Amino acid sequence: MSSWLGGLGSGLGQSLGQVSGSLSTFTGQISNFTKDMLLEGVEEVGDAATELQVSNSKLAEVEAAHATQKSEYDRLKKLHAELEEKLEASEIQIKRQSAEYRILLQQKDVEISHLKARQNGLQEEVQKLQQSAQSASVGPAVLPVATTSSTTTSSSSTFLSRPSGSHQGFHGDEMDLSDVLWSQQEINRLSTEVMRLEAEVAHWRRMSQTSTAAGGGNGDQGEILKLQRTIKELREEMSREVDEHQHELAALQDAQRQKMADITRRHREELAEYEERIEELEEQNQSGGGQVSSAPDASKLLELQKTIRSLEETAEQREKQVSELSASLEEAERKLASLQLEKDDAQEENTGLLENYTRLQASVTELQTRVQEQEGKSLQKAQLDHEIQVLRKNLAAAEKEIEQLKELAETKPQEEVEHADILELNTIIGTLRQEKDILEQEKLELQEKLKVAEEQVISHKAAESGESEAVEDLKAELERREKALKATMEERDTLMSELEELDQQNQEATQHMISVKDQLSSQLKDTEAQLIKLTAELNATKDQKKTLEQELETQKDKISQSAFTLNDLHMGKQQLEHTVKELKDKLRQAQEQNKEARGEVSSLKKTLKQRDEELSAAKVHLEKAGDRKAEEQGTKEELAGREKEISDLRRQLDETKSSHEKVLSEDYELKMENRKLKMENEETLGKVEELNRQMMESQMALNRTVREKETRIEALKLEKSQLEGELQQVEKTLTEQGKQYQQTIDDLTRARSMDASALQMEHERAIKLNQEKDMEIAQLKRDNEQLASDHRDTNEMLSITVSGQKQLTDLLQEKDAFMETLKQNAADMQIEMENSISAATKEAETLRHALEDKEKQLGGMKEENSHLKEEIDRLRDQQSRPQPLAEPRTLDIITELETEITQLKSSRNGLEEEIQSLRRTIEEQQASLLLSQQSLQVQQSELQQSTLNHDRLIQARDEEIARLQETVDRLSESQGRADSPPVQGDVILQEDKTQTLNQENGNEKHDLSKVEIEKLVRGIKEKETEISQLNEKNLSLARQLDQLVVSRDEVGKLSQMILQKDLEIQALHARVTMGGGGHSQDVLFLQQQLQAYAVEREQVLAVLNEKTRENSQLRSDYHRLMDIMAGKEAALLKLQQENQRLSNMNDPSGSQEMFKETIQNLSRIIREKDIEIDALTQKCQTLVTVLQSSGGESGPGSGGVSSNQFEELLQERDTLKQQVKKMEEWKQQVITTVKNMQHESAQLQEELIKLQSQVSADSDCSSKLSVDYTRLIQSYEQKERRLGNLSQELAQVQQTISQLSTTKDVLLGKLDSVAQTPEVFTAQSSEPLLTAEPKSHLMASPNSETLTQDLASLQTQLVEKENIIRTLQENNHRLSNSASASESEQRSQAEEVRQVRERLDTLQRSIREKDLLIKTKGDQLIQISETLRNRENDNEVLKQAVTNLKERALILEMDVKKLKEENEVVAARSREKESEFRALQETNMQVSLLLREKEFELHAMSEKAATVERMLKDKEQGKSGELNQLLNEIKSMQEKAVAFQQERDQVMMALKQKQMETTAVQTELQHVRDKEQRLNLELERLRNHLLEIEDSYTREAIAAQDRETELRRRVAMLDEKLATSSSAVENASQQATMQVESLQEQLSGVVRQRDDALTNLRTSQEQVNQYAVSLSNLQMVLEQFQQEEKAMYSTELEKLTKEKEEWKRKAQRLEDQASALQMNLDEANAALDSASRLTDQLDLKEEQLEELKTQVDVRQEMLEEAQKKLMNLLNSTEGKIDKVLMRNLFLGYFHTPKTKRGDVLRLMGSVLGLSREDVDKMLEEDGRHGVTGWVSTWLGGRGAQSVPNTPQRPTTGQGLNSSFSEMFVKFLEMESTPSLPAPRLPVHDIKPLSAPPSRKTSTAASSTAAGSGAAAGRRPGESNPFLAPRSAAVPLLTGSGSGSSGSGGHLLMKPISDALPTFTPVPVSAEASAGAVLKDLLKQ
C-alpha cells in the first residue's frame, strides 16, 4: 500500500514539475511576445515600401512566435491530457481500493457486531460467575476474571469510541496523504482488534466444543443452552441439599452444646461438693489427730470409696457422652466428606465446560482443606478419648492402691494407717485436681474447636449459597449420580458396621498405646537427663553471674574507697586551708601587736618629750622659788619620784623594744612557716590532681571492665537463648517423634485389626514407606546443609572469579576507549568531508551566480540581437528602395553594420558555447548540490542545537544579570547597615589590652569620626549609583548589539542588492562594449536603464546613508560607552588596588607580618614602660619616705600639700581616661568602617569580574561589527569607484552618440524628402526628467551644504520655469486670438496648460517635502549634537567623580594610616597612664592610710596632753593615787583607741585583700563547680549504669527463678506422669529395648553418614584448594593472554588503519568515477529531453508556419493596398511643410537660450528652403532690430498649428546649454527607437501559475507601454520595486493628430486603455525566470 502511494506521489510530483516548467517557459514567451508587440507600435518608417518590408518582417517574426507558441500550447495540451489520464487512473485505483476497504470495513463491522453480541453474552455469564465467586470468597479469587473482562470491555469501548464517521473519508474521492496514513493506522488497529476477537471466538468455540463433547457429541448453541440450564438446576439442587445438611449439623451441634453445658455444670457442682468434703476431712484430721478411733476412719474411708466410685461413674458417663458426641460429629463429617467427594466428581466432570470457573474450584479446594482440618480435629478427639481411657486406667490403679491401703490398714497399727491414708488421699486429691484441670482445658479446647467448626460451617453455608448458581448447572449430572449415591449409602451402612468392629479394634489399640507410652517414658528419662545437664549448665552460668556480681561489688567497693579517699583529700585540703587561715590570723595578730608596739613607742617618746618640758618648767619653778626650801625639798622628793618614774619608763621602753624584736623574729618565723605551708598545700594539690587522674584511670578501667562484663553477659545471654532454643527444638522433636510413634502405633493397630492379610501387608508397606520417607527427609536436610556449605564455597569461588572478571572488564573498557578514539577519528574524517562538501557547495553557488550573470548577459545579447536584426531588416528595406538622394556613405555604413553583425554573430556563437559549458557545470553542480543539501540538513540540525545553546547562553546571561542585581541589592543592604551604628565585629588587632580597654571604658561615644563615616557612606552610594549606571549601560549595549545584529541583516540585504546592481552594471558594460559601434537604440536603452538605475541607486544610497548614519550613531554610542566602560574599568581597577592594599593591611593571611611588627613594637613599648614603671616606683618609694619623714616633722601642713597634688593627679587621670575612651571609640568606628570597606571591596571585585567578562564579550561583538562595517564601507567605496568609471564610460558613449548624431544630421539632410510623423510628447514632460537628477543628487548628498546648493539651483530653475510659463501664457493668448476657429487645438493647449500646472504643483510639493526633510534632518542633527554634548558632559562628570573618588580613597588611606599610628600611640599612652594610675592608686591608698593614722595619733596625743595637765594639777593638789588610776585609765583608753584604729586600718586592708581573694576564690569556685558538675554528671551516669546493670541482673535472676520454678513444675509433672506410667513402662520395656536397638542401628547409620559427610567435606576442601591453585594459574594465563591479545589488537589495528586508508582511496576513486558517470548521465538525459522537446517544437512550428503563411498572404494584399494609398498621400503631400515640425521648431526657438536662437532660425530657414546667406542677413538685421516683428510677420497669415514637443531626455553630459540641432537630432533618435509593446496573445484560457489575478489598471498598463522603453526593455526578472512610481509618472496622452488622421488618429497614437486590451505587468520573480525554470526542469 505504502509503496503504491509512494509511486503515485512521485509520478504526480514529476508531472506537476513538468507542468510548472512548461508553464514558466510559456509565461516567459508570453512576456517576450508582449514586449515585441508593444515595441512594434512605436516604430514608424517614412517610406511605404520600407513600412511594408518592416511589417512583413514583423509578420514573419510574429508568425514564427505564433508557431512556437502553438507548438508549446500543443505540447502543454498533450501533457495536460497525459496528466488527466494519470489522474483518472489514480482516481480509479483509489476508488477501487476505497471500495475494497469499505467492503472490508463492512465485513469487519458485521464481525464486530457479532463479536460484541457474543462478548455481551459472555460478559453477562462472567458477571454472574463473579457474583457467585464474590459470595463464595470475597477477594482474590475473582480478580483475574474481572481483569480479563475489564480488558475486553476497555478494548471494546476504545473501538466503540472511534466515531463511525471515521470511514466517511472514503466516500469523497479527494483524499489527502495524511488521511490515507490515518486510514492505514485505523485499518491496522482494526485488524489487531479483529485478531484479538477471533482469538476470543476460537477460545469460546473450544469451550463450547469441550462442553458439547462432555454432554455427548457436538451440538448447536441451543443444546449448549439446554445443558447450561440443566447444570444450573443441578447446582440449585446441590445447594439445597447442602443447606439441609448444614441445618442437620447445626441441630446436632446445638444438642451437643446443651449436653456439654449440662455435663460441665454437673461436673462443677460435684467438684465443689468433693472439695467441701475434702476440706471437712482435712479439718477433722487436723482436729482429731491420732485420738480418733478406727471406726470413724473406716467410715471416712468408706465415704471416700463411695465418692471415688461416684466420680468414676460420672467420668464414665461423661466419656460415654463425649464418645457419642464425637461419633455424631464423625458421622456429620463423613456426610460432609461424601458430599464433598460428590462435589469433586461433579466438578471434575464439569472441567471441560467451565474452564473460566477454576477460581470457584480453588475455593472448593479451600473448603476441602478446612474439612481435612476438621478430620484432623476428629483425630485429636480420638486422641482425647485415648487420654480419657488412660485416666480411667489411672483411676483403676488408684482404686487398686486404695484396696492395698485398706489391706495395709488392717495389718498395721491405726496411727500409721491414718497418716498413710491421709498422704495418699492428699496425693490422689492432687492428681484428681490436676486431672480435673486437664479435663477443663480439654473441654475448653473442644468448645473452641466446636466454635471454629461452626464458623467454618457458616462459611461453608455462605460459600455454598454463593455456589448455588453453579450447583444448578450440575443438577443434570446429579441425576446420574443419584444411583451412585444410593450405592454409596449402602456402602456407608457396611462401613458403619465395619466402624463398630474398628471401635473394638480401637480398644485393643489403646492397650498398645500403653506400651508406646512406656517407650515415651524412657524417652522422657533421656530428656530429663538432658534437662539435668541443662540445669547444670544453668547453674554454671549462675555461678559465673555470681562471680561477675562479686567482681562488680569489688569494683563498687573500689569506687566507694576512691570516693572516700577523695573525701579524705578534700577534708585534708580543707584542714590545710584552715591551718593557712589560722596562720594568716596569727600573722595579722602579730602585725597588729607590732603596730601597737610601735604606737606605744611613739606615745612613750611623746611622753618623754612632755616630761622633758615639764622638767624645764620645774627647773624654772625651782629657780623662782629658791626661797622656799621646804617646798624645794618637796619638789626634790617629787623630782626623785619623777626620776624613778622616768627610769621605769625607760625600762618599759627597753622591754617594749626587746618584745618588738621578739615579735619581729616571730613574724619572720611565721612567714617561713606560711611559705612551708604553701609549699605543702601545693604538694597536696599535686597529690589531689594525681589522685584525680588515678580516679579517672580507675573509672576508665572500671568502664572497660563493665563493658567487658556486659559483653560477657550478652554472650552468656546469647548462649542461654541458644540453649533455650535448642531445648525447645529438642522438645519439639520429642513431641514430633511421639506423634510419629503414636501414628505408627495407630497404623499398626489398624493393620492388626484388619482381617485381610493383604490389607495388613499394604498397611505395613505404607508404614515402612513412611519411615523411609522420614529417613529420606532427614538425609535431604543434611544434604541441604551440605549444599549450603558448598554454596558458600562456590560464593567464595565466584568472588575470586568476579575479581578476574573485573580485570577483563577493565580490558574491555580500554578497548571501548580505543573504539571511541577510532569513532572520534571517523567523526573528524566526516567533518573534513563536510568541509570539502561545503567548499564544493560554495563553488557551486559561485558558479550558479556566474550562470545567472551569463543568463542575464544572454538575455541582453538576445535583445540586442533582435534590435540588430530589426535594424538590418530596415537597412535592407532602405537598400531595396530606390534612393535618388542617397550617397555612397550609406553603403559604407551598411557594410560597417554588416561587419558588426558578423562580429556579433561570432560573439553570440561563443556565448552559446559558453552557455552549453555552463549548463554542463550546472548539471555537475546539481549532483554536488544534492550532497550539499544533505550536509545542509545535518548543518541545520547542528544549527538548531547551536540555537538551543544560544538560548541557554542567553538564559545564563539573564541569570548573571539577576545575580548582579542581587549583588547590588546586597550592597544597598550593606550600605544600610553601614548607615546604622557600626556592628560589633571582630576587631582587627584582637589583643587582651584592647579588650581590657573596652572593659574599662564602657559605652561612652565620641562624634569625631561620624563625619568621615558619612563621607565614606556617600562615596559608597556614589559607587553604587555608578555600578547601577554601568549595569543599565550594559543592558543598553546588549540591546544595541541586538539592533546591530538586525542592522547586520539589513546591511547583508543591501550588500546583496549591490551585488545584483554590480551584475547589472557588468551586463551594461558588456552591452556597451558589444554595441559601441554606433547603435543609437542600444544607447538609448542604456540611458533609460541608467536613469532607472540612477533612481534605484539614489534610493539605495538613501537607505545606505540612513544605515550608515544609524551605524555611525551606534558606533559613536558604542565608542562613547566603551570610553565610559574603560574609565569605569580604570576606576574600578584603582578601587581594586586600593581594596587589595586595605585587605593586605586588614586580612589575616596578608597581615601576619603586620601583626609581627605591631607585636614587636608593642613589646618594645612594654619594655620601655616597664623601665618607666620601675623609675616611678622608686620615685614613689622616695616620696613615701619623704611623706613619712615630713609627717613625723610637720604635722598637718604636709598633708594639705599632698592632697593638692593628689587632686591634680586625679584630675589629670580623669582627663586622660576620657581622652583614652574617645580615642578607643574612634578607633573602633574606624575599624568597623574599614571592615565594611573590605566587604564592599570584595563584592565590588566580584561585580567587576562579571562586568569585565560582559565587557569583553561586548567588545568582541563590537569588534566583529566594526570589521563587518569596514568591509561594507570598502565594498561601497569600490562600488562608487565603479560607478565613477561607468559615468566616464557613459560620457565617452555620449561623445560617440554626438558623433553619430552629426552623421545622422548629414543623412537627414539627404533624406529631406521623407516625411515623418512620429509620436511626440509635450515639452513640459522633460521637466520632471530634468528634476529627477537633482533629486537624485539631493538624495545622494548627505551634507546640508549640498542640500542648500541644490535648493538654490532648484529655485533658479523655478524662476526660469516661471519665465517660460509667462512666455507660454503670452504665446497662448496670441495663439487663442489667432486660432479661435480650431477648438480642438485650444483643447489640446488647455490640456497642456493643465499638465504644466499639475507638474508645477508636483514640483512645488516635492520642494516643500524636500524643505520638510531638510528641516527634520536639521532637527535630528541638532538633537544628535545635543545628545552628544550631554553624553560628553556625563562623561566629564563621571571622570570627575572617578577622580574625586580616587582622591577620597587616597585621603582615606592616609587618614587610616594616621589613625592607626595615632591609635598605637594612644594605646601606648593609655597603657602607661594605666600603669601610672594603678601605681598612684596604690600610693594614694597608702598615703590616705598614713594620714588617717597620723590624725588619730595627733588626736590621741592631744587627749594625753590634757590628761597630763589634769594629772599635774592633781599632783600639785597632792592626789598621787588618783593620778595613777587616771594614768592607768588613760593607758587603757589609749590602748583601746590604738587598737580600734589598728582594727579599722586592718579591716580596710583586710577588706581590700578579701575583695582580691574573693575574686580569686570566685574564679577558683567556678572552676571547682565546673569540676564538681562534671564529676556529678559522671557519678550520676555511673549510678544509672550500675542501677541499669542491677535491674538487668535482678530481671535475669527473676526470669531464671521463674524458669527454675517452671522447670521444677514440669519435673514434678513428669515425675507424677512417671509414677502413673511406671506399671505401663514395665510392660513396654521389651518393645522399648527392641526400638532402642533399631534406633541404635539408625544412630550407627547416621554416624556413618556423618563420617561420609566429613570425608566428603575434606575432599571438597581439597578440591577447593585445587580450584584456588587452578584459578591462580588461570589468572596468570589470562594475563599472558591479555598481553598477547593487546599485541594482536595493536597489529590488527595497524592492518585495519592501512586497509581503511586503502578503502578511503578506493572510495575517493569510486566517488570520482560516480561523479563522472553522473555528469555523463545528466548530459545524456538533458540531451534526450532537449531532443524530445525540439521534435515536439518542430512539429508545432511547421503547423504554425503553414497557418501563418496563409495569414501573410492576406496581410500582403492589405499591405499592397496600403502602399498604394501611401504613394498617393506622398504625391499629394510633396512640397507641403509639416505643421507639427514647424510647431516644434517654433517652440524650440523659444526654449533655446538667446545665444543659440540663431541656429534655430537657420534650421527653420533650411526647412522652408531659404538659403543660408539670406538667413544670416536676417539674423544681422535681428541684431539691430529684434526678431519678434519678423516672426510675427512670417507667421502672421497662417493659423498656427499645435505641434507636440519632443520629450527632451537629460543625460549626464547634456544640459540646457546644448544646441538646438543636437536637441533635434536627439528628438529624431528618440522617436526612431522602437519601444514595442507585446501584443495580447490569442491564448486566453491558459493562466500562468504564480501570477496574480489580472487587474485592468489603465494607468499601470499605459505606464508599462509607454515608459520610454524602461519597462518594456527590461526583462521580468529585472523588475525593480524602486522604478514603479517613476514609470507611472509619464502619461500617454497626446494632442489630436494631424488633419489627415482626423479626430480618430492612429491606433498606436491613442492611449492604450481606450484602444487595446491591456496587460497587467506580471511580476515574475527572479526565481521564476527562464534560467530558474531550466534549473527546476534539470533538477527533476
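The first residue you see is number 1, and the count goes up from there.
Backbone N, Cα and C define each Cβ position, glycine as well.
Per TrEMBL, the feature coiled coil maps to 59-132 (among others).
Look at TrEMBL and you will find 1013-1040 (among others) tagged as coiled coil. Among residues of the same chain six or more beyond the coiled coil (1013-1040), those with a C-beta under 8 A of the stretch's C-beta atoms are 957, 961, 964-965, 968, 971-972, 975, 978-979, 982, 1114, 1117-1118, 1121, 1124-1125, 1128, 1131, 1135, 1229, 1233, 1236-1237, 1240, 1244, 1247, 1251, 1254-1255, 1258, 1438, 1441, 1445, 1448-1449, 1452.
The coiled coil feature in TrEMBL is assigned to 1125-1179 (among others).
Confidence in the coiled coil (1206-1303), given as mean pLDDT, stands at 86. Annotation source TrEMBL lists coiled coil at 1206-1303 (among others).
According to TrEMBL, the feature coiled coil maps to 1516-1592 (among others).
Feature annotation from TrEMBL assigns coiled coil to 1679-1772 (among others).
Same-chain neighbours of the compositional bias 'Basic and acidic residues' (589-599): 656, 659-660, 663-664, 666-667, 670, 1497, 1535, 1538-1539, 1542-1543, 1545-1546, counting only residues six or more beyond its ends whose CB sits under 8 Å from a CB of the stretch. Marked as compositional bias 'Basic and acidic residues' by TrEMBL: 589-599 (among others).
If you look up TrEMBL, you'll see 609-660 (among others) marked as compositional bias 'Basic and acidic residues'.
Summarising the annotation, TrEMBL assigns compositional bias 'Basic and acidic residues' to 860-879 (among others).
The annotation compositional bias 'Basic and acidic residues' is assigned in TrEMBL to 1384-1393 (among others).
The feature compositional bias 'Polar residues' is assigned by TrEMBL to 1842-1856.
What TrEMBL records for 147-168 (among others) is region 'Disordered'.
Per TrEMBL, the feature region 'Disordered' maps to 589-660 (among others).
Sequence annotations record features per position, and here TrEMBL assigns region 'Disordered' to 860-884 (among others).
If you look up TrEMBL, you'll see 1370-1393 (among others) marked as region 'Disordered'.
Residues or ranges marked as region 'Disordered' in TrEMBL: 1836-1856 (among others).
Note: the compositional bias 'Basic and acidic residues' (609-660) comprises 48 helix, 0 strand, 4 coil (DSSP; helix = H, G, I, strand = E, B). Helix, strand and coil residue tallies for the compositional bias 'Basic and acidic residues' (1384-1393), in that order: 10 helix, 0 strand, 0 coil [DSSP]. For the region 'Disordered' (860-884), the DSSP counts in helix, strand and coil order read 21 helix, 0 strand, 4 coil.
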